[in-house]
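J.: So that we are looking at the same thing, I have put the structure below in structure tokens.
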Ligand SMILES: O=C(O)C[C@H]1C=CC(=O)O1
Ligand SMILES: [Mn+2]
């Protein structure tokens, strides 16, 4: 008898951040991981993780809704089903439940982890095989203080941890943000690539003014300057400026990617397993981007080690990430719930090698940080 899915448990795990992380819509002091433990009748356990940023500040799913919707609606669709039928199970979730991409991503990750363990293959091999075993990782400077961000950047460069930096802006007046970014770029000079993420905070005319100044300051990439749904505006900004635009919230999945490319967008796409409903959906967006000649970036929704490892397995199967990745989530957290943390160094991170995700839980730490 082939294995069936026997149980699915979800846990809310609250981990403090190493410093306040300030974005245009919220300042984080803690990240909540929704951990999925999926158990199959052959005794194999698959792990998954879903995160968002600042409760409901980033999108329509919160950690609590992810847990509740898995427990109430999504898990019952999987219990008793053949455990190895990952593609069919993923379609089943989409057929019976709309939206909830982060919850579905956590479940798809757990299904792939279990199947990889069953077959003795790393998740990247289930997804077609890895092109790379070390991926570049940038660091986000978002302490809210220019001097502290500059110190942090030099520290990361000296540790050989990161040489590309993303600055979170949009919470302050445009001129103040531009001054902040220009001061950091001026301090780092040619030693580092500096990019910004506005997280949808500007309207188009503010964006024109802000981007002109950021381009003059030597910034390499402008992420999501205007609201996600304003595709036409993003296309206009991408055509207007030499500095490329990175679409993040505007492109969740392959359909969004197709629509934006068809509208004439010529920038780059941020892939996130959370936006696309899992690693397979994120790779489908990557295929659309490749067909349209659009460059790729491996994005994070500030996942912990499990979600980060799942993303790395997916990104490793891509021939090229023109803009590298930002899979630094675990480094923003004060502690971890896995036995062996991901290996960061030489401006990037190693792809884990064991079966499935190649990640094991530290049960004591998991129990300690799980919300009671
Ligand atoms: O890109 C985002 O919108 C979300 C995230 C990625 C890095 C970071 O600091 O926040
Ligand atoms: Mn972003």
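The count begins at 1 with the first shown residue.
Keep in mind that glycine also has a Cβ here, set from the backbone N, Cα and C atoms.
Whatever TrEMBL says is automated annotation, not expert-curated.
Pasting the relevant annotations from TrEMBL:
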- 168: active site, proton acceptor (ACT_SITE)
- 326: active site, proton donor (ACT_SITE)
- 147-244: domain 'Mandelate racemase/muconate lactonizing enzyme C-terminal' (DOMAIN)
J.: What whole-number Å value do you get for the CA-CA distance of the residue listed as 'active site, proton donor' and residue 168 (active site, proton acceptor)?
T.: 13
J.: Work out the three-state DSSP category of the residue listed as 'active site, proton donor'.
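T.: For the residue listed as 'active site, proton donor' - judged by DSSP and reduced to three states - the answer is coil.
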J.: Please list the DSSP helix, strand and coil residue counts for the domain 'Mandelate racemase/muconate lactonizing enzyme C-terminal' (147-244).
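T.: With helix first, then strand, then coil, the domain 'Mandelate racemase/muconate lactonizing enzyme C-terminal' (147-244) has 53 helix, 12 strand, 33 coil.
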J.: Let me check the 10 A CB neighbour count of residue 326 (active site, proton donor). How many other CB atoms are there?
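T.: Residue 326 (active site, proton donor) is surrounded by 26 other Cβ atoms within 10 Å.
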J.: Test of understanding: give the count of other CB atoms lying within 10 angstroms of the CB of residue 168 (active site, proton acceptor).
T.: 24
J.: For the domain 'Mandelate racemase/muconate lactonizing enzyme C-terminal' (147-244), provide the mean pLDDT of the predicted model.
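T.: The answer is 98, the mean pLDDT of the model over that range.
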